[in-house]
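Asks: Among the features that Swiss-Prot reports, Fe cation 1 binding site is placed at Glu58, Glu88, His91, Glu172. Swiss-Prot lists Glu88, Glu140, Glu172, His175 with the feature Fe cation 2 binding site.
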Amino acid sequence: MTTALDLALNAADGALRTLFAKPRASRTCPTVPAQATELSLEDKALSGALMRVNHVGEVCAQALYAAQALGTRDAVLRKHFLKASQEEGDHLAWTKDRLDELGARPSLLNPLWYAGAFGLGLVASRLGDRLSLGFVVETERQVEAHLASHLERLPEGDHESRAIVAQMKDDEALHASAAEDAGALQLPAPVKMLMRSAAKVMTTVAHRI
């Protein structure tokens, strides 16, 4: 039987692994050309900044799902959150590896982003499982739109980053649909607007820091 202490310890372990350990993917990184494309310094800097933002998004996804898994009392729903977290863990590994390849660093504020997202996830879980799932749906839909915009902004020659972002976008859509199928309630419009504003702050800051 899983106790509250077990769940709390698992959440703490997940936070430490996300922030300080090298992430490992359970799936192979999306197919890229056998020979890496040479990017100009300008294109490399742009790709690095965009992939840093995407990496921050995956750090936050780990925090959100960990908090919601901790907060729910429904064992089936907890498994749903943990499964999604594992799939998002692939994204975390892919984006971190791509940052390394581009010679770019992760955001220096990752511990802050993680803490904020974990807090939001706990608040969402306290509102009830269906609203918590609604929070997942809206988060994933916003991330999906954000990734679509990155596909438009990434250099055409950066096939590696584009392949990763395209796969991530498809996965986010599946996570949103799965949450809807699990009984998600739609969030009020003001909450959606607040989430967009918070995401805008995060992406703007993470692009640079």
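Glycine is treated like the rest: Cβ placed from N, Cα and C.
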Asks: Indicate the candidate from His91, His175 with the smallest number of other Cβ atoms within 10 Å of its Cβ, considering only these binding-site residues.
Replies: His175
Asks: Could you give the Cα-Cα distance between His91 (Fe cation 1 binding site) and His175 (Fe cation 2 binding site), in whole Å?
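Replies: Cα-Cα, rounded: 13 Å.
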Asks: Give me the CA-CA distance between Glu88 (Fe cation 1 binding site) and Glu140 (Fe cation 2 binding site), in Å, as a whole number.
Replies: 11
Asks: Whose Cβ lies within 8 Å of the mean position of the Cβ atoms of Glu88, Glu140, Glu172, His175, the Fe cation 2 site, other than those residues?
Replies: Ala61, Ala84, Glu87, Val136, Thr139, Val143, Glu144, Asp171, Ala173, Leu174, Ala176
Asks: Under a three-state reading of DSSP, tell me whether His91 (Fe cation 1 binding site) is helix, strand or coil.
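Replies: The three-state answer is helix.
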Asks: Whole-number Å only: compute the distance from the Cα of His175 (Fe cation 2 binding site) to the Cα of Glu58 (Fe cation 1 binding site).
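Replies: For His175 (Fe cation 2 binding site) versus Glu58 (Fe cation 1 binding site), the Cα atoms are 13 Å apart.
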Asks: Give the sequence-ordered set of same-chain residues, not counting Glu58, Glu88, His91, Glu172, with Cβ within 8 Å of the centre of the Cβ atoms defining the Fe cation 1 site.
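Replies: Near the Fe cation 1 site, the remaining chain residues are Gly57, Ala61, Glu87, Gly89, Asp90, Leu92, Val143, Met168, Asp171.
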Asks: Within 10 Å of each Cβ, count the other Cβ atoms and name the one among the binding-site residues Glu58, Glu88 with the highest count.
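Replies: The residue with the most neighbouring Cβ atoms within 10 Å is Glu88.
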Asks: Would you mind reading off the Cα separation of Glu172 (Fe cation 1 binding site) from Glu140 (Fe cation 2 binding site), to the nearest angstrom?
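Replies: With the alpha carbons as reference points, the distance is 5 Å.
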